[in-house]
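So that you can see what the record holds, here are the features copied from Swiss-Prot:
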- 137-192: ATP binding site (BINDING)
- ASP262, GLU275: Mg(2+) 1 binding site (BINDING)
- GLU275, ASN277: Mg(2+) 2 binding site (BINDING)
- 111-308: domain 'ATP-grasp' (DOMAIN)
Amino acid sequence: MSKTLKESVIAVIYGGRSAEREVSLQSGPLVAEGLRAKGYQVVELDLYGSNAALDPIVQLQSIEFDLAFIALHGGEGEDGRVQALLEMFGKPYTGSSPLACGLAMDKVLTKRFWNGIGIPTPAYLSFVDHANADLIEEQMSYPVIVKPSREGSTIGINKAMNRAELDDALIKALEYDSDILVEEFIDGPEFTVTVIDDVAYPPIGLKPAPDHKLYDYEAKYIADDTEYLLPCGLDEDDENELQMLALDAYRSLGCFGWGRVDVMRDQAGVFWVLEVNTAPGMTSHSLVPMAAKYVGIDYASLVEKIAQNAWDKVGRN
């Protein structure tokens, strides 16, 4: 007879080697605590360990578990490599497939794909191993946003208002990734939409303090002066439009289980999709728990819902 999820062991996998390791080290223990509060058997795994020298295959083989809750952010935990490894081991896991994760993690590939199917996303230029500031100035107008193609949590992202800031932003982005993206700046409010089990939750409006050029790493995880607007401030029709666009962007990449979609709105009222996060943060500052709480789902119930969704998907309930 098949096990129920309550009879199974859930491995919460966090840590990793990416620049988002510190965020993941906050998310993972909170997820484990929430699952234990709901009565689940939980083991915790800091992938690679604190010295990043451990073999992840040996680590995964060293513990007994039935379902993996992926609380890794960025790197191998969000680009599909850990997901592929778990599939080889025959272990179900939370979130999207290796292919969907890999596509969503690469901002350049995502934007090329969206341009092909009509999902509105800001104009951009991309570069590999170098950046041509002269070309950027020829084809784009300031301000621009400079990003590493495959990082999250706004790590390595900077807004450039002039050539000096552009040169500095390009150098910083190349410290994190050989592929970089230079994107048109959308002048307007930013929103984020949580998706769980193919349902778009109420959007959150993001309003960083005036001293932040954009909703950056500090505004996300450190500062206490960022405003989170729930309700988001849109009228019902615009909110519905935003939710449907977020769902379209999420589904187009083949995502499922759960995720978060980041969107800007320009001064003309047009929405522009920035990216899809397939393993969003689950810290005390994170947006997915915030959206869930707004509709009456506490943290422990949220992580239970995500885990149960993954378990049900493989028919083991």
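Glycine is treated like the rest: Cβ placed from N, Cα and C.
Looking at VAL144, ILE186, the binding-site residues in this record, the fewest other C-beta atoms within 10 angstroms of the C-beta turn up around ILE186. Of all the binding-site residues listed here (ASP262, GLU275, ASN277), GLU275 has the Cα closest to the Cα of GLU137 (ATP binding site). Cβ neighbour counts within 10 Å, taken over all protein chains shown, single out ASN277 as the most crowded of the binding-site residues ASN158, ASN277. Counting neighbouring Cβ atoms within 10 Å of each of the binding-site residues (GLU137, GLU165, ASP179, ASP262, GLU275), the lowest count belongs to GLU137.
With respect to their backbone Cα atoms, ASP262 (Mg(2+) 1 binding site) and ASN277 (Mg(2+) 2 binding site) stand 8 Å from each other. Looking at LYS172 (ATP binding site) and GLU275 (Mg(2+) 1 binding site), their Cα atoms lie 20 Å from each other. If you take the Cα of ILE186 (ATP binding site) and the Cα of GLU275 (Mg(2+) 1 binding site), they are about 14 angstrom apart, rounded to a whole number.
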